[in-house]
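Visitor: Below is the structure I would like to discuss, written out as structure tokens.
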Amino acid sequence: MSSAKPVLTFVTGNANKLKEVVAILGADFPFELRNQAVDLPELQGEPADIAKEKCRLAAKQVQGAVLVEDTSLCFNALKGLPGPYIKWFLEKTGHDGLNNMLAAYEDKSAYAQCIFAYAPAGAEPQVFVGQTHGKIVPARGPTTFGWDPVFQPDGFEQTYAEMEKVTKNQISHRYKALEALKTHLVKPVDK
């Protein structure tokens with residue numbers, strides 16, 4: 001009997017994201033996680049719909065089980081914007097620009113949302129969502145991982161960027177979504 005785990009392809013070209021996902025999933029994850037950068041169109045719409053469609057498109061290219069992620073940073077004062085477009089807002093405005101977007105508002109609250117879409121080969125994607133609530137603050141900490149320097153989770157005095165990786169990986173939006181995925185994948189098949 002083979003002890004080899006089935007392969008699950010995580011569709012990302014982001015090395016930081018891959019390291020974080022592997023650290024969160026841990027050695028007991030029932031799949032061998034491999035990453036692959038797949039050229040997917042930039043979709044627009046609601047985050048769960050974006051994640052599902054990216055998953056469908058990736059599954060066609062990979063021809064196997066896939067996992068895709070869509071991350072949002074949602075400002076409550078802006079009714080959820082920039083949301084799934086955070087990557088582009090950050091690229092164009094920088095960390096200071098994200099803060100400037102809220103300059104006219106008293107409400108600096110926000111939530112980080114991570115949606116993982118998982119599809120076994122030939123199946124419809126399933127969605128797993130995690131959210132962490134916090135606030136937008138002037139950038140603090142290393143600027144090597146997206147918007148982490150401007151997001152301070154509720155109950156903490158540090159931004160994601162200032163936190164030890166172990167701490168962040170126990171409270172983050174990504175952790176919460178991956179825990180839901182893990183729970184789904186290790187649940188008993190029959191009832």
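One-based numbering along the chain as shown.
Heads up, the Cβ atoms here are built off N, Cα and C, so glycines get one too.
Relevant sequence annotations retrieved from Swiss-Prot are reproduced here:
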BINDING   12-17, Lys54, 70-71, Lys87, 145-148, Lys168, 173-174  ITP binding site
BINDING   Glu42  Mg(2+) binding site
Visitor: Work out the three-state DSSP category of Trp147 (ITP binding site).
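Guide: Once the DSSP labels are grouped into three classes, Trp147 (ITP binding site) ends up as coil.
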Visitor: Sorry to bug you, but what's the C-alpha spacing from Glu42 (Mg(2+) binding site) to Lys54 (ITP binding site), rounded to the closest Å?
Guide: 9
Visitor: What residues, ordered by sequence, lie under 8 A Cβ-to-Cβ from Ala15 (ITP binding site) and sit at least six positions away in the same chain?
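Guide: Spatial neighbours, sequence-distant, of Ala15 (ITP binding site): none.
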Visitor: Could you give the Cα-Cα distance between Lys87 (ITP binding site) and Glu42 (Mg(2+) binding site), in whole Å?
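Guide: So the Cα of Glu42 (Mg(2+) binding site) lies 11 Å away from that of Lys87 (ITP binding site).
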Visitor: Give the distance between the Cα atoms of Glu42 (Mg(2+) binding site) and Thr12 (ITP binding site), rounded to the nearest whole Å.
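Guide: Roughly 13 Å, rounded to the nearest whole number.
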Visitor: For the residue listed as 'Mg(2+) binding site', list the number of other Cβ atoms lying within 10 Å of its Cβ atom.
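Guide: Neighbour count, Cβ to Cβ under the 10 Å cut-off: 10.
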Visitor: Name the residues of the same chain, 6+ apart in sequence, whose Cβ is under 8 Å from the Cβ of His173 (ITP binding site)?
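Guide: Within the chain, His173 (ITP binding site) has Cβ neighbours under 8 Å at Thr71, Tyr111, Ala112, Gln113, Cys114, Gly130, Gln131, Thr132.
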Visitor: Cβ-Cβ under 8 Å from Thr12 (ITP binding site), same chain, 6 or more residues apart: which ones?
Guide: Leu18, Asn35, Ala37, Val68, Glu69
